[in-house]
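Asker: Once you've had a glance at the structure underneath, I'll fire off some questions.
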Amino acid sequence: MAAADALLGSLVTGLYDVQAFKFGNFVLKSGLSSPVYIDLRGIISRPSILNQVAEMLFQTAENAEINFDTVCGVPYTALPLATIVCSTHEIPMLIRRKEKKDYGTKRLIEGAVNPGDTCLIIEDVVSSGSSVWETAEVLQKEGLKVTDAVVLVDREQGGRDNLQARGIRLHSVCTLSTVLCILEQQKKINAETVERVKRFIQENAFVAANPNDSLPSVKKEPKELSFGARAELPGTHPVAAKLLRLMQKKETNLCLSADVSESRELLQLADALGSRICLLKIHVDILNDFTLDVMKELTTLAKRHEFLIFEDRKFADIGNTVKKQYEGGVFKIASWADLVNAHAVPGSGVVKGLEEVGLPLHRACLLVAEMSSAGTLATGSYTEAAVQMAEEHSEFVIGFISGSRVSMKPEFLHLTPGVQLEAGGDNLGQQYHSPQEVIGKRGSDIIIVGRGIIASANQLEAAKMYRKAAWEAYLSRLAV
(Lines of atoms letter the chains of each structure in order from A and count residues from 1; the text may use other names and numbers.)
(Lines give C-alpha, C1' and ligand atoms only; values in the text may rest on other atoms or scores of the structure.)
Protein backbone atom coordinates (compact mmCIF):
# COMPACT_ATOMS: atom_id res chain seq x y z
CA MET A 1 0.00 0.00 0.00
CA ALA A 2 2.84 2.36 0.80
CA ALA A 3 4.31 1.79 -2.66
CA ALA A 4 0.93 2.47 -4.27
CA ASP A 5 0.53 5.68 -2.24
CA ALA A 6 4.00 6.81 -3.28
CA LEU A 7 3.15 6.10 -6.92
CA LEU A 8 -0.07 8.09 -6.68
CA GLY A 9 1.72 10.95 -4.94
CA SER A 10 4.32 11.04 -7.69
CA LEU A 11 1.61 11.07 -10.37
CA VAL A 12 -0.40 13.87 -8.72
CA THR A 13 2.63 16.13 -8.27
CA GLY A 14 3.72 15.36 -11.82
CA LEU A 15 0.31 16.35 -13.14
CA TYR A 16 0.42 19.54 -11.09
CA ASP A 17 3.85 20.38 -12.49
CA VAL A 18 2.51 20.15 -16.06
CA GLN A 19 -0.48 22.34 -15.09
CA ALA A 20 -3.12 19.62 -15.26
CA PHE A 21 -4.35 20.90 -11.88
CA LYS A 22 -4.88 24.65 -11.84
CA PHE A 23 -5.93 26.76 -8.88
CA GLY A 24 -7.27 30.30 -9.04
CA ASN A 25 -10.54 31.54 -10.48
CA PHE A 26 -11.96 29.74 -13.50
CA VAL A 27 -15.32 30.08 -15.21
CA LEU A 28 -16.77 26.65 -15.91
CA LYS A 29 -19.03 25.69 -18.82
CA SER A 30 -22.04 26.06 -16.52
CA GLY A 31 -21.14 29.68 -15.76
CA LEU A 32 -19.97 28.88 -12.23
CA SER A 33 -16.78 30.42 -10.94
CA SER A 34 -14.57 27.58 -9.68
CA PRO A 35 -11.36 27.76 -7.59
CA VAL A 36 -9.97 24.67 -9.34
CA TYR A 37 -9.76 23.50 -12.93
CA ILE A 38 -8.57 20.08 -14.09
CA ASP A 39 -7.26 19.96 -17.65
CA LEU A 40 -5.63 16.70 -18.70
CA ARG A 41 -5.55 17.38 -22.43
CA GLY A 42 -1.94 18.49 -22.29
CA ILE A 43 -0.66 15.10 -21.13
CA ILE A 44 -0.92 13.76 -24.68
CA SER A 45 2.37 15.58 -25.27
CA ARG A 46 3.99 13.90 -22.26
CA PRO A 47 4.23 10.16 -23.01
CA SER A 48 5.64 9.20 -19.62
CA ILE A 49 2.75 10.74 -17.68
CA LEU A 50 0.21 9.55 -20.26
CA ASN A 51 1.40 5.96 -19.88
CA GLN A 52 1.43 6.26 -16.09
CA VAL A 53 -2.16 7.52 -16.00
CA ALA A 54 -3.32 4.77 -18.38
CA GLU A 55 -1.67 2.04 -16.30
CA MET A 56 -3.16 3.34 -13.05
CA LEU A 57 -6.60 3.35 -14.64
CA PHE A 58 -6.11 -0.28 -15.67
CA GLN A 59 -4.85 -1.26 -12.22
CA THR A 60 -7.89 0.41 -10.65
CA ALA A 61 -10.11 -1.79 -12.80
CA GLU A 62 -8.03 -4.85 -11.90
CA ASN A 63 -8.18 -4.10 -8.17
CA ALA A 64 -11.96 -3.74 -8.38
CA GLU A 65 -12.11 -7.16 -10.10
CA ILE A 66 -14.24 -5.81 -12.93
CA ASN A 67 -15.17 -8.29 -15.65
CA PHE A 68 -15.28 -6.71 -19.10
CA ASP A 69 -14.78 -7.63 -22.75
CA THR A 70 -14.11 -4.27 -24.36
CA VAL A 71 -13.08 -0.72 -23.42
CA CYS A 72 -14.47 2.62 -24.56
CA GLY A 73 -12.95 6.01 -23.69
CA VAL A 74 -15.23 9.01 -23.31
CA PRO A 75 -14.39 11.46 -26.12
CA TYR A 76 -12.06 13.19 -26.31
CA THR A 77 -9.42 13.36 -23.57
CA ALA A 78 -9.96 9.75 -22.47
CA LEU A 79 -9.47 8.35 -25.99
CA PRO A 80 -5.65 8.19 -25.86
CA LEU A 81 -5.85 6.71 -22.35
CA ALA A 82 -8.20 3.97 -23.53
CA THR A 83 -5.97 3.35 -26.56
CA ILE A 84 -2.90 2.78 -24.38
CA VAL A 85 -4.79 0.49 -22.00
CA CYS A 86 -6.11 -1.61 -24.87
CA SER A 87 -2.83 -1.72 -26.76
CA THR A 88 -0.75 -2.59 -23.69
CA HIS A 89 -3.09 -5.28 -22.40
CA GLU A 90 -4.46 -6.49 -25.75
CA ILE A 91 -8.08 -5.64 -25.05
CA PRO A 92 -10.55 -4.86 -27.86
CA MET A 93 -11.38 -1.16 -28.02
CA LEU A 94 -14.47 0.73 -29.14
CA ILE A 95 -14.62 4.41 -30.10
CA ARG A 96 -17.72 6.51 -29.52
CA ARG A 97 -18.25 9.40 -31.91
CA LYS A 98 -19.75 12.58 -30.48
CA GLU A 99 -21.96 12.93 -33.53
CA LYS A 100 -23.00 10.66 -36.36
CA LYS A 101 -21.25 11.43 -39.67
CA ASP A 102 -23.32 11.77 -42.83
CA TYR A 103 -20.86 9.65 -44.80
CA GLY A 104 -19.09 6.30 -44.50
CA THR A 105 -20.61 3.86 -42.01
CA LYS A 106 -22.60 6.64 -40.27
CA ARG A 107 -22.08 4.79 -36.98
CA LEU A 108 -21.79 6.30 -33.51
CA ILE A 109 -19.70 3.37 -32.26
CA GLU A 110 -16.64 2.26 -34.22
CA GLY A 111 -15.03 -1.13 -33.69
CA ALA A 112 -16.22 -4.73 -33.40
CA VAL A 113 -19.50 -4.55 -31.50
CA ASN A 114 -20.70 -7.88 -30.10
CA PRO A 115 -24.13 -7.52 -28.46
CA GLY A 116 -24.07 -8.99 -24.97
CA ASP A 117 -20.43 -8.04 -24.32
CA THR A 118 -19.60 -5.92 -21.29
CA CYS A 119 -17.83 -2.63 -22.02
CA LEU A 120 -15.72 -0.77 -19.46
CA ILE A 121 -15.86 3.02 -19.79
CA ILE A 122 -12.72 5.09 -19.17
CA GLU A 123 -12.91 8.81 -18.32
CA ASP A 124 -10.40 11.41 -17.14
CA VAL A 125 -12.54 13.52 -14.78
CA VAL A 126 -16.07 13.03 -13.44
CA SER A 127 -18.25 15.77 -11.92
CA SER A 128 -21.95 14.95 -12.39
CA GLY A 129 -21.30 11.73 -14.30
CA SER A 130 -23.15 13.00 -17.37
CA SER A 131 -20.32 12.30 -19.83
CA VAL A 132 -20.02 8.69 -18.65
CA TRP A 133 -23.79 8.23 -18.76
CA GLU A 134 -24.08 9.66 -22.28
CA THR A 135 -21.44 7.20 -23.47
CA ALA A 136 -23.13 4.33 -21.63
CA GLU A 137 -26.47 5.10 -23.30
CA VAL A 138 -24.92 4.95 -26.77
CA LEU A 139 -23.17 1.67 -25.96
CA GLN A 140 -26.34 0.15 -24.50
CA LYS A 141 -28.29 1.02 -27.65
CA GLU A 142 -25.77 -1.15 -29.51
CA GLY A 143 -26.64 -4.09 -27.25
CA LEU A 144 -23.62 -3.80 -24.97
CA LYS A 145 -23.68 -4.03 -21.18
CA VAL A 146 -22.16 -1.24 -19.10
CA THR A 147 -21.66 -2.01 -15.43
CA ASP A 148 -18.54 -0.07 -14.48
CA ALA A 149 -16.46 3.00 -15.30
CA VAL A 150 -12.96 3.97 -14.18
CA VAL A 151 -11.87 7.59 -13.86
CA LEU A 152 -8.62 9.29 -12.94
CA VAL A 153 -10.17 12.03 -10.76
CA ASP A 154 -13.58 12.02 -9.10
CA ARG A 155 -14.43 15.65 -8.31
CA GLU A 156 -16.85 14.38 -5.62
CA GLN A 157 -19.74 16.47 -6.86
CA GLY A 158 -22.35 13.71 -7.07
CA GLY A 159 -21.15 11.77 -10.10
CA ARG A 160 -20.56 8.51 -8.22
CA ASP A 161 -24.08 8.48 -6.71
CA ASN A 162 -25.74 9.57 -9.94
CA LEU A 163 -24.09 6.75 -11.88
CA GLN A 164 -24.76 4.21 -9.12
CA ALA A 165 -28.47 5.07 -9.36
CA ARG A 166 -28.27 4.11 -13.04
CA GLY A 167 -26.53 0.81 -12.43
CA ILE A 168 -22.96 1.93 -13.14
CA ARG A 169 -20.25 1.61 -10.50
CA LEU A 170 -17.62 4.35 -10.62
CA HIS A 171 -14.05 3.50 -9.60
CA SER A 172 -11.55 6.35 -9.30
CA VAL A 173 -7.77 6.38 -9.19
CA CYS A 174 -8.15 9.30 -6.78
CA THR A 175 -10.65 11.86 -5.56
CA LEU A 176 -10.20 15.61 -5.67
CA SER A 177 -9.84 15.54 -1.87
CA THR A 178 -6.90 13.16 -2.25
CA VAL A 179 -5.33 15.46 -4.83
CA LEU A 180 -5.67 18.41 -2.46
CA CYS A 181 -4.15 16.45 0.42
CA ILE A 182 -1.13 15.36 -1.64
CA LEU A 183 -0.49 18.83 -3.06
CA GLU A 184 -0.77 20.44 0.37
CA GLN A 185 1.68 17.91 1.82
CA GLN A 186 4.07 18.65 -1.04
CA LYS A 187 3.64 22.40 -0.33
CA LYS A 188 2.31 22.99 -3.85
CA ILE A 189 -0.81 24.69 -2.46
CA ASN A 190 -1.67 26.21 0.91
CA ALA A 191 -4.37 25.38 3.46
CA GLU A 192 -6.50 28.34 2.38
CA THR A 193 -6.67 27.02 -1.19
CA VAL A 194 -7.61 23.56 0.10
CA GLU A 195 -10.47 24.96 2.15
CA ARG A 196 -11.72 27.10 -0.73
CA VAL A 197 -11.87 24.13 -3.07
CA LYS A 198 -13.53 21.86 -0.48
CA ARG A 199 -16.16 24.50 0.21
CA PHE A 200 -16.84 24.82 -3.51
CA ILE A 201 -17.28 21.05 -3.84
CA GLN A 202 -19.72 20.92 -0.94
CA GLU A 203 -21.78 23.84 -2.21
CA ASN A 204 -21.95 22.70 -5.85
CA ALA A 205 -23.02 19.06 -5.95
CA PHE A 206 -24.86 17.64 -8.97
CA VAL A 207 -27.69 15.43 -7.71
CA ALA A 208 -30.58 14.05 -9.75
CA ALA A 209 -33.90 13.67 -7.98
CA ASN A 210 -34.44 10.12 -9.30
CA PRO A 211 -32.76 7.69 -11.71
CA ASN A 212 -35.24 8.44 -14.48
CA ASP A 213 -34.19 12.09 -14.65
CA SER A 214 -31.44 13.17 -17.00
CA LEU A 215 -28.21 13.82 -15.17
CA PRO A 216 -28.14 17.37 -13.83
CA SER A 217 -25.91 20.24 -14.58
CA VAL A 218 -25.80 23.41 -12.53
CA LYS A 219 -27.85 25.98 -14.41
CA LYS A 220 -26.73 29.53 -13.98
CA GLU A 221 -27.11 32.39 -16.37
CA PRO A 222 -23.52 33.34 -17.20
CA LYS A 223 -22.71 36.99 -16.81
CA GLU A 224 -20.46 38.88 -19.22
CA LEU A 225 -16.95 37.52 -18.81
CA SER A 226 -13.85 39.67 -18.87
CA PHE A 227 -11.28 39.14 -21.61
CA GLY A 228 -8.96 37.64 -19.00
CA ALA A 229 -11.58 35.16 -17.80
CA ARG A 230 -12.40 34.15 -21.38
CA ALA A 231 -8.70 33.45 -22.00
CA GLU A 232 -8.79 30.81 -19.26
CA LEU A 233 -11.87 28.95 -20.50
CA PRO A 234 -11.00 25.33 -21.36
CA GLY A 235 -12.33 25.66 -24.90
CA THR A 236 -10.48 28.84 -25.80
CA HIS A 237 -7.98 28.37 -28.64
CA PRO A 238 -4.34 29.13 -27.67
CA VAL A 239 -4.11 31.99 -30.19
CA ALA A 240 -7.38 33.48 -28.92
CA ALA A 241 -6.17 33.08 -25.34
CA LYS A 242 -2.92 34.87 -26.17
CA LEU A 243 -4.83 37.72 -27.79
CA LEU A 244 -7.32 38.00 -24.92
CA ARG A 245 -4.53 38.07 -22.34
CA LEU A 246 -2.62 40.83 -24.07
CA MET A 247 -5.87 42.77 -24.50
CA GLN A 248 -6.44 42.52 -20.75
CA LYS A 249 -2.81 43.38 -19.95
CA LYS A 250 -2.56 46.36 -22.31
CA GLU A 251 -6.18 47.45 -21.78
CA THR A 252 -6.83 47.74 -25.48
CA ASN A 253 -9.33 46.17 -27.86
CA LEU A 254 -8.21 48.24 -30.83
CA CYS A 255 -7.08 46.70 -34.12
CA LEU A 256 -5.28 49.07 -36.48
CA SER A 257 -6.12 48.51 -40.14
CA ALA A 258 -2.86 49.54 -41.79
CA ASP A 259 -3.96 49.53 -45.42
CA VAL A 260 -0.86 51.25 -46.75
CA SER A 261 1.12 50.57 -49.91
CA GLU A 262 4.67 51.27 -48.71
CA SER A 263 6.58 48.99 -46.33
CA ARG A 264 8.33 51.89 -44.63
CA GLU A 265 4.98 53.45 -43.68
CA LEU A 266 3.71 50.09 -42.42
CA LEU A 267 6.71 49.63 -40.13
CA GLN A 268 6.50 53.22 -38.90
CA LEU A 269 2.83 52.75 -37.98
CA ALA A 270 3.57 49.47 -36.22
CA ASP A 271 6.36 51.02 -34.18
CA ALA A 272 4.57 54.26 -33.33
CA LEU A 273 1.15 52.79 -32.51
CA GLY A 274 2.02 49.22 -31.50
CA SER A 275 1.75 49.91 -27.78
CA ARG A 276 -1.86 51.10 -28.23
CA ILE A 277 -3.22 48.16 -30.20
CA CYS A 278 -3.86 44.45 -29.76
CA LEU A 279 -3.87 43.60 -33.46
CA LEU A 280 -2.30 45.00 -36.62
CA LYS A 281 -4.36 44.18 -39.71
CA ILE A 282 -2.67 44.42 -43.09
CA HIS A 283 -3.26 43.66 -46.77
CA VAL A 284 0.13 42.33 -47.81
CA ASP A 285 -0.81 42.24 -51.50
CA ILE A 286 -1.12 46.04 -51.69
CA LEU A 287 2.47 46.61 -50.57
CA ASN A 288 4.40 47.87 -53.59
CA ASP A 289 7.78 46.91 -52.14
CA PHE A 290 7.02 43.70 -50.24
CA THR A 291 9.88 41.49 -49.09
CA LEU A 292 10.04 38.76 -46.45
CA ASP A 293 12.62 40.89 -44.64
CA VAL A 294 9.91 43.49 -44.09
CA MET A 295 7.75 40.80 -42.47
CA LYS A 296 10.65 39.82 -40.23
CA GLU A 297 10.93 43.43 -39.08
CA LEU A 298 7.18 43.53 -38.52
CA THR A 299 7.19 40.38 -36.39
CA THR A 300 10.04 41.84 -34.33
CA LEU A 301 7.94 44.94 -33.69
CA ALA A 302 4.94 42.75 -32.83
CA LYS A 303 6.94 40.99 -30.14
CA ARG A 304 8.35 44.26 -28.81
CA HIS A 305 4.98 46.00 -28.54
CA GLU A 306 2.91 42.87 -27.84
CA PHE A 307 0.39 42.77 -30.65
CA LEU A 308 -0.59 40.05 -33.11
CA ILE A 309 -0.43 40.30 -36.90
CA PHE A 310 -3.63 39.75 -38.87
CA GLU A 311 -3.40 39.31 -42.66
CA ASP A 312 -6.77 40.33 -44.09
CA ARG A 313 -6.53 37.90 -47.00
CA LYS A 314 -10.19 36.75 -47.03
CA PHE A 315 -9.41 33.36 -48.55
CA ALA A 316 -12.31 32.20 -50.73
CA ASP A 317 -11.32 29.21 -52.84
CA ILE A 318 -11.21 25.43 -52.67
CA GLY A 319 -9.07 23.83 -49.97
CA ASN A 320 -6.14 22.83 -52.14
CA THR A 321 -5.85 26.32 -53.62
CA VAL A 322 -6.04 28.23 -50.34
CA LYS A 323 -3.49 25.87 -48.84
CA LYS A 324 -1.01 26.91 -51.54
CA GLN A 325 -1.93 30.59 -51.20
CA TYR A 326 -1.42 30.42 -47.44
CA GLU A 327 1.91 28.62 -47.25
CA GLY A 328 3.56 29.47 -50.55
CA GLY A 329 3.82 32.03 -53.30
CA VAL A 330 5.67 35.29 -52.87
CA PHE A 331 4.06 36.22 -49.56
CA LYS A 332 4.37 32.97 -47.52
CA ILE A 333 1.62 34.30 -45.26
CA ALA A 334 1.63 31.40 -42.82
CA SER A 335 5.25 32.08 -41.89
CA TRP A 336 4.48 35.46 -40.30
CA ALA A 337 0.72 36.05 -39.82
CA ASP A 338 -0.77 35.01 -36.48
CA LEU A 339 -4.26 35.36 -37.92
CA VAL A 340 -5.89 35.18 -41.33
CA ASN A 341 -9.52 35.23 -42.37
CA ALA A 342 -11.70 33.42 -44.87
CA HIS A 343 -15.13 33.57 -46.46
CA ALA A 344 -17.53 30.73 -45.70
CA VAL A 345 -18.81 30.65 -49.30
CA PRO A 346 -16.57 27.77 -50.51
CA GLY A 347 -17.72 25.53 -47.65
CA SER A 348 -15.67 23.82 -44.96
CA GLY A 349 -12.95 22.90 -47.47
CA VAL A 350 -11.53 26.41 -47.21
CA VAL A 351 -10.95 25.95 -43.48
CA LYS A 352 -9.60 22.42 -43.88
CA GLY A 353 -7.07 23.61 -46.43
CA LEU A 354 -5.92 26.49 -44.24
CA GLU A 355 -5.69 24.45 -41.06
CA GLU A 356 -3.46 21.85 -42.72
CA VAL A 357 -0.88 24.61 -42.96
CA GLY A 358 -1.77 26.73 -39.94
CA LEU A 359 -2.30 24.20 -37.15
CA PRO A 360 1.32 22.96 -37.02
CA LEU A 361 2.47 26.60 -36.97
CA HIS A 362 0.09 27.53 -34.11
CA ARG A 363 -1.89 29.93 -36.29
CA ALA A 364 -5.63 30.64 -36.33
CA CYS A 365 -8.40 31.89 -38.57
CA LEU A 366 -11.43 34.18 -38.46
CA LEU A 367 -14.51 33.61 -40.63
CA VAL A 368 -16.23 36.50 -42.36
CA ALA A 369 -19.76 36.26 -40.97
CA GLU A 370 -20.91 39.81 -41.75
CA MET A 371 -19.48 42.77 -43.66
CA SER A 372 -19.69 46.52 -43.11
CA SER A 373 -20.35 47.46 -46.74
CA ALA A 374 -23.75 48.57 -48.02
CA GLY A 375 -25.69 45.83 -49.83
CA THR A 376 -23.63 42.99 -48.35
CA LEU A 377 -25.00 39.48 -48.92
CA ALA A 378 -23.31 38.19 -45.75
CA THR A 379 -26.48 38.20 -43.66
CA GLY A 380 -29.14 35.81 -42.33
CA SER A 381 -28.62 32.17 -43.28
CA TYR A 382 -25.11 32.91 -44.57
CA THR A 383 -24.10 34.23 -41.15
CA GLU A 384 -25.67 31.21 -39.44
CA ALA A 385 -23.74 28.87 -41.74
CA ALA A 386 -20.49 30.69 -40.93
CA VAL A 387 -21.12 30.26 -37.20
CA GLN A 388 -21.83 26.56 -37.64
CA MET A 389 -18.64 26.17 -39.68
CA ALA A 390 -16.64 27.88 -36.93
CA GLU A 391 -18.08 25.57 -34.28
CA GLU A 392 -17.20 22.51 -36.36
CA HIS A 393 -13.61 23.75 -36.80
CA SER A 394 -12.92 25.39 -33.43
CA GLU A 395 -9.47 23.80 -33.38
CA PHE A 396 -8.48 26.46 -35.94
CA VAL A 397 -11.27 29.06 -36.17
CA ILE A 398 -11.28 31.48 -33.22
CA GLY A 399 -14.00 33.93 -34.17
CA PHE A 400 -15.58 36.19 -36.72
CA ILE A 401 -15.39 39.36 -38.74
CA SER A 402 -18.88 40.69 -38.09
CA GLY A 403 -20.89 43.79 -37.36
CA SER A 404 -22.18 42.38 -34.10
CA ARG A 405 -21.98 39.33 -31.85
CA VAL A 406 -23.10 36.34 -33.92
CA SER A 407 -22.23 33.58 -31.43
CA MET A 408 -22.90 33.48 -27.69
CA LYS A 409 -19.91 31.21 -27.07
CA PRO A 410 -17.35 33.28 -25.10
CA GLU A 411 -14.50 31.29 -26.63
CA PHE A 412 -15.13 33.03 -29.96
CA LEU A 413 -13.90 36.57 -30.69
CA HIS A 414 -15.83 39.15 -32.70
CA LEU A 415 -13.95 41.81 -34.69
CA THR A 416 -15.86 44.66 -36.29
CA PRO A 417 -14.55 46.89 -39.12
CA GLY A 418 -16.07 50.17 -40.22
CA VAL A 419 -15.63 51.98 -36.91
CA GLN A 420 -15.22 55.73 -36.47
CA LEU A 421 -15.79 57.98 -33.50
CA GLU A 422 -18.85 59.34 -35.27
CA ALA A 423 -21.27 57.28 -37.36
CA GLY A 424 -21.42 57.86 -41.12
CA GLY A 425 -20.23 56.42 -44.42
CA ASP A 426 -18.15 57.01 -47.54
CA ASN A 427 -18.92 57.20 -51.25
CA LEU A 428 -17.86 53.56 -51.82
CA GLY A 429 -20.49 52.01 -49.58
CA GLN A 430 -18.54 51.68 -46.34
CA GLN A 431 -20.79 52.20 -43.31
CA TYR A 432 -19.30 53.49 -40.06
CA HIS A 433 -20.44 52.96 -36.48
CA SER A 434 -19.08 54.31 -33.20
CA PRO A 435 -17.05 52.22 -30.69
CA GLN A 436 -19.88 52.55 -28.16
CA GLU A 437 -22.38 51.17 -30.67
CA VAL A 438 -20.14 48.31 -31.80
CA ILE A 439 -18.73 47.22 -28.42
CA GLY A 440 -21.36 48.42 -25.98
CA LYS A 441 -24.57 47.65 -27.85
CA ARG A 442 -23.72 45.10 -30.55
CA GLY A 443 -21.50 42.96 -28.33
CA SER A 444 -18.37 42.90 -30.48
CA ASP A 445 -14.95 42.52 -28.83
CA ILE A 446 -12.45 44.36 -31.04
CA ILE A 447 -12.88 47.44 -33.21
CA ILE A 448 -10.99 47.63 -36.51
CA VAL A 449 -10.03 51.20 -37.37
CA GLY A 450 -8.14 52.34 -40.46
CA ARG A 451 -8.69 55.77 -41.95
CA GLY A 452 -9.92 57.21 -38.66
CA ILE A 453 -6.34 56.87 -37.38
CA ILE A 454 -4.12 56.77 -40.46
CA ALA A 455 -5.70 59.83 -42.08
CA SER A 456 -5.46 61.82 -38.85
CA ALA A 457 -2.99 64.69 -38.56
CA ASN A 458 -1.94 63.20 -35.22
CA GLN A 459 -2.08 59.43 -35.55
CA LEU A 460 -0.93 58.70 -32.00
CA GLU A 461 -3.59 60.92 -30.43
CA ALA A 462 -6.22 59.41 -32.70
CA ALA A 463 -5.16 55.89 -31.69
CA LYS A 464 -5.35 56.89 -28.02
CA MET A 465 -8.89 58.22 -28.53
CA TYR A 466 -10.12 55.07 -30.29
CA ARG A 467 -8.45 52.84 -27.74
CA LYS A 468 -10.02 54.77 -24.86
CA ALA A 469 -13.48 54.79 -26.44
CA ALA A 470 -13.45 51.06 -27.20
CA TRP A 471 -12.06 50.07 -23.81
CA GLU A 472 -14.57 52.21 -21.92
CA ALA A 473 -17.40 50.68 -23.95
CA TYR A 474 -16.11 47.21 -23.00
CA LEU A 475 -15.89 48.15 -19.29
CA SER A 476 -19.43 49.53 -19.41
CA ARG A 477 -20.62 46.25 -20.89
CA LEU A 478 -19.00 44.31 -18.04
CA ALA A 479 -20.74 46.51 -15.50
CA VAL A 480 -24.23 45.79 -16.83
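Each position is counted from 1, following the chain as shown.
Each residue, glycine too, has its Cβ placed from N, Cα and C.
The annotation active site, for OMPdecase activity is assigned in Swiss-Prot to Lys314, Asp317 on the grounds of similarity to another entry. Summarising the annotation, Swiss-Prot assigns orotidine 5'-phosphate binding site to Ser257, Lys281, Lys314, Asp317, Thr321, Ser372, Gln430, Gln431, Tyr432, Gly450, Arg451 and lists similarity to another entry as the type of evidence. The UMP binding site feature in Swiss-Prot is assigned to Ser257, Asp259, Lys281, Ile282, His283, Asp317, Thr321, Ser372, Gln430, Gln431, Tyr432, Gly450, Arg451; the stated evidence is similarity to another entry. Under the heading N-acetylalanine, Swiss-Prot lists Ala2, citing similarity to another entry as support. Per Swiss-Prot, the feature phosphotyrosine maps to Tyr37. What Swiss-Prot lists as phosphoserine is Ser214, and the listing cites similarity to another entry. Summarising the annotation, Swiss-Prot assigns region 'OPRTase' to 2-214. Marked as region 'Domain linker' by Swiss-Prot: 215-220. For 221-480, the entry in Swiss-Prot reads region 'OMPdecase'.
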Asker: Between His283 (UMP binding site) and Ser257 (orotidine 5'-phosphate binding site), what C-alpha distance do you get in Å?
Answerer: 9
Asker: Given the recorded positions Tyr37, Lys281, Lys314, which lie within 10 A of Thr321 (orotidine 5'-phosphate binding site) by CA-CA distance?
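Answerer: None, since no candidate lies within 10 Å.
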Asker: If you count Cβ atoms within 10 Å of each one, which of the recorded positions Lys281, His283, Lys314, Arg451 comes out on top?
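Answerer: That would be Lys281, with the most Cβ atoms nearby.
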Asker: Rounded to an integer, what is the Cα-Cα distance in Å between Ser257 (orotidine 5'-phosphate binding site) and the residue listed as 'phosphotyrosine'?
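Answerer: That separation, Cα to Cα, works out to 37 Å.
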Asker: Three states by DSSP: which one describes His283 (UMP binding site)?
Answerer: coil
Asker: Compare the Cα of Lys314 (active site, for OMPdecase activity) against each of the recorded positions Tyr37, Lys281, Tyr432 and report the nearest.
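Answerer: When the Cα distances are compared, Lys281 comes out closest.
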Asker: Report the nearest neighbour of Lys281 (UMP binding site) in space among the recorded positions Tyr37, Tyr432, Arg451, comparing Cα positions.
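Answerer: Comparing Cα positions, the closest of these recorded positions turns out to be Arg451.
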Asker: What three-state class does DSSP give Arg451 (orotidine 5'-phosphate binding site)?
Answerer: helix
